[in-house]
Amino acid sequence: MAALKPKVVFVLGPPGSGKGTQCSNIVKEFGYVHLSAGDLLREEMSAEGSEYGQLISNHIKNGTIVPVEITCSLLDKAMVKHCSQVNGTVAGDALNSGKPKFEGNFLIDGFPRNENNLEGWKKAMIGKVEERFMLFFDCPQEISLERCLKRGQAGSGRSDDNEESLKKRLVTYYNDTLPIIKYYDSLGLVRRINASPSADEVYSEVRKLFLN
């Protein structure tokens, strides 16, 4: 069997726009694999003996963006791992367990976040993946802040769910990430979702995109 060529949906939006929650819903219903750039970086940061751990930690605390070579490497490894697992089990019953069949579809959450990310992604991944579209969760700044601070107070365990880090992350988002969303919009690849309503209301709109 030929190796699966990963099909990618990028997921972007400000902190607190509900990207993780909505990605979980898409995974359950449509069989995508959710790769959070932030989660992969946090896992690498806490991995014993990681050569990048301290560097990643410094960037996360300062609300700045980790070098693209590190993020692309982690994303590439994760996609290769999932696709090779499926290629190895496709003849068995692993894919007939009642769950949606995995067909090489990935949600990449929180990436590319700036021009350097975009250029690094193109350089490292051109021809390796098929880009389907960018899912953009649009959310006003005041709602972003309120949701993240509540998450931090509820014990999210995330070192950047505090007001100082959040304000830095929002500045980074508006200065660096919005231009990337506009770039993909110019290619006709952005699917904008209003992320202000409840999670259920938001997902009803998200779902329509994946049913088409």
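Each residue, glycine too, has its Cβ placed from N, Cα and C.
Look at TrEMBL and you will find Gly16, Ser17, Gly18, Lys19, Gly20, Thr21, Arg151, Pro197 tagged as ATP binding site. The 10 Å shell around the Cβ of Lys19 (ATP binding site) contains 24 further Cβ atoms across the protein chains shown.
The ribonucleoside 5'-phosphate binding site annotation in TrEMBL covers Arg42, Thr64, Ile65, Val66, Gly110, Phe111, Pro112, Arg113, Arg158, Arg169. The Cβ of Gly110 (ribonucleoside 5'-phosphate binding site) lies under 8 Å from the Cβ of Val11, Leu12, Lys19, Ser36, Ala37, Gly38, each of which sits 6+ residues away along the same chain. Mapped onto three states, the DSSP output places Gly110 (ribonucleoside 5'-phosphate binding site) in coil.
Packing around Asn117 (CMP binding site) is summarised by its Cβ count: 22 other Cβ atoms lie within 10 angstroms of its Cβ, all protein chains included. For Asn117, the entry in TrEMBL reads CMP binding site.
Below 8 angstroms of C-beta separation, residues 19-20, 23, 74-75, 78, 108-111, 113-114, 116-117, 158-160, 165-169, 171-172, 176 of the same chain, each at least six residues beyond the ends of the region 'NMPbind' (36-66), sit close to that stretch. The region 'NMPbind' feature in TrEMBL is assigned to 36-66.
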*Tally of helix, strand and coil residues over the region 'NMPbind' (36-66) according to DSSP?*
20 helix, 1 strand, 10 coil
*Taking the Cβ of Thr21 (ATP binding site) as the reference point, list residues of the same chain whose Cβ is under 8 angstroms away and which are at least six residues distant in sequence.*
Ala199
*asked:* I need the CA-to-CA distance for Asn117 (CMP binding site) versus Ser17 (ATP binding site), whole Å please.
replied: 21
*What count of other C-beta atoms do you get within 10 angstroms of the C-beta of Pro112 (ribonucleoside 5'-phosphate binding site), across all chains shown?*
27
*Given Pro112 (ribonucleoside 5'-phosphate binding site) and Gly20 (ATP binding site), what distance in Å do their CA atoms have, once rounded to a whole number?*
16
